[in-house]
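Copied over from TrEMBL:
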| type | residues | note |
| --- | --- | --- |
| TRANSMEM | A:30-49 | transmembrane segment |
| TRANSMEM | A:55-76 | transmembrane segment |
| TRANSMEM | A:88-107 | transmembrane segment |
| TRANSMEM | A:113-132 | transmembrane segment |
| TRANSMEM | A:139-160 | transmembrane segment |
| TRANSMEM | A:180-198 | transmembrane segment |
| TRANSMEM | A:228-248 | transmembrane segment |
| TRANSMEM | A:254-274 | transmembrane segment |
| TRANSMEM | A:281-303 | transmembrane segment |
| TRANSMEM | A:309-332 | transmembrane segment |
């Protein structure tokens, strides 16, 4: 027997269906996963009780640093659509800011990291006011120019050691536990960055940034102060990268321009975001883990040669062939994203 | 309400708009018409500040807005659509509407993307436009006509005093066009001022309280529809001569 449906019936059915989907989505969101991951990372240093896991801790610290930096870059590059290839300038500013305070006054970067982030954010805000007037390829080139200017500046600034750099004092801790303060420091920076990235994506500000990435003229005409939004996104993005730089500087006990100001550092942030899924919350973390894992794999099996760069390139080519919107982005579009990675 | 005084926009030696003056009175529907290349859309772009005028003054409720940025003009109560729909393709219809809401500045950092009040208001607008079913659809999946409707709905989210519609009938099928006309009439009935650029003369003559005609960047006629459509200068601008029958409304 055929059933006749009126327009209102269809609308009601559609509304019920959407409501059911929404509540199902809420039920299924695996918020426990990032929390479990955080607890696991907190407990990981316990391995040192048996000793000999310094390399594991180093690798995790390195991955957390890049996860934080890629997530931070994602706020500008992913949500707003402005590709910066000079973001390591803020990594450098953070590293030198805290490093010089440590060198001259003996205050650890674990305490000064937020101020280093603030210094990076202030510079980011000022730079953004100028460079964010440009769009597309012009902005990308301006970000590379920023990197080149910063490199020349730090190479010739004798107060911060010039191109020879400056050695930093180390904490008086037994080697077995020496990595722990920085490990936890970087973990906090990483957790804060990912949390901020999530909060921004779900805020009115984040919606504005996504609108800007789609069509800036339309966004401006919708009443969004696009310049303010972009500059603020740039500053926030610089803040977390600056904090990561502060902790990394003291951790490696040496500051030198060619550690911070090589384009590979910025390229890594970009590649990790593209690989994981630009504009998604979990994407940069997945990208950081996958790229670092493949890099370590190639170093382990092929030695410390440039083959790891070749393998990184190969991973990128294959990943983008099969995951054009990044791993998380593509799986989400196909509806195949594992629940544990659905952080958006 | 909206007053345009001696507006000019020059691109090098080309005077796209020149010495253009007219008013759009509060609560009325004013149409800006003219042949292709007359400067209508350029005038629209200058009024909404998407484009900086070369000279002239634009006043909204007696206050000059020609020095403001586009987002400031929108916040003062003047919202517009574009000739070719400009939508935020990756965003849902609901998000496209909410992005036009009034939360700005630092507050935007701490407000959720869609508040309960905005959701309620957006749902009312979507229901008014009969596109409730599309609320959670990504804009890229919409037809051109649906995008036009959504664009129209987005304008209403910011509680505008005046809306500028750039060719709302362009590329729209007749039934949807009738729907759009009804929506414009209904909103105008509630006191909303409308300035419209349109090529569909039937729509213009039936809908407008006043028609302003542009040709070669200048205003050549202005008045009630019945008067404008018999104006020899208008007929000449459209048809290249005066020896023709006037268009019927």
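Placed from the backbone N, Cα and C atoms, the Cβ positions cover glycine too.
A:281-303 is the stretch from A:88-107, A:281-303, A:309-332 with the greatest number of Cβ pairs below 8 Å to the transmembrane segment (A:180-198). Only residues 6 or more beyond the boundaries of the transmembrane segment (A:309-332), in the same chain, are considered here, and those with a CB under 8 A from a CB of the stretch are 271, 273-280, 282-283, 286-287, 290-291, 294-295, 297-298, 302, 338, 341-342, 344. Residues 82-89, 92, 96, 100, 127, 131-132, 166, 255, 257, 260-261, 263, 266 of the same chain sit 6 or more residues outside the transmembrane segment (A:139-160) yet have a Cβ under 8 Å from a Cβ within it. Counting same-chain residues at least six beyond the ends of the transmembrane segment (A:254-274), those with a Cβ under 8 angstroms from any Cβ of the stretch are 66-67, 69-70, 72-74, 77-78, 83-89, 91-92, 95-96, 99-100, 143-144, 147, 150-151, 154-155, 160-161, 163-168, 241, 245, 283-284, 287-288, 291, 312, 316, 320, 326. Counting Cβ pairs closer than 8 Å and at least 6 residues apart in sequence, the transmembrane segment (A:281-303) and the transmembrane segment (A:113-132) reach fewer than three and form no contact.
Sequence-distant residue pairs (6 or more apart) of the transmembrane segment (A:113-132) and the transmembrane segment (A:55-76) include fewer than 3 whose Cβ atoms are under 8 Å, leaving the two stretches without contact.
Here the transmembrane segment (A:55-76) has long-range neighbours at 41, 44-45, 47-48, 82, 84, 87, 91, 179-180, 182-183, 186-187, 189-190, 193-194, 196-197, 200, 209, 230, 233-234, 236-241, 243-244, 247-248, 251, 268-270, 272-273, 276, 278-281, 283-285, 287-289, 291-292, 296, meaning same-chain residues at least 6 beyond its ends whose C-beta is under 8 angstroms from one of its own. Packing against the transmembrane segment (A:228-248) from elsewhere in the chain are residues 65, 68-69, 71-73, 75-76, 79-80, 82, 84, 87-88, 90-99, 109-110, 112-114, 116-125, 127-129, 132, 182, 185-186, 189-190, 192-193, 196, 200, 205, 208-209, 212, 260, 269: each is 6 or more residues past its ends and has a CB under 8 Å from a CB in it.
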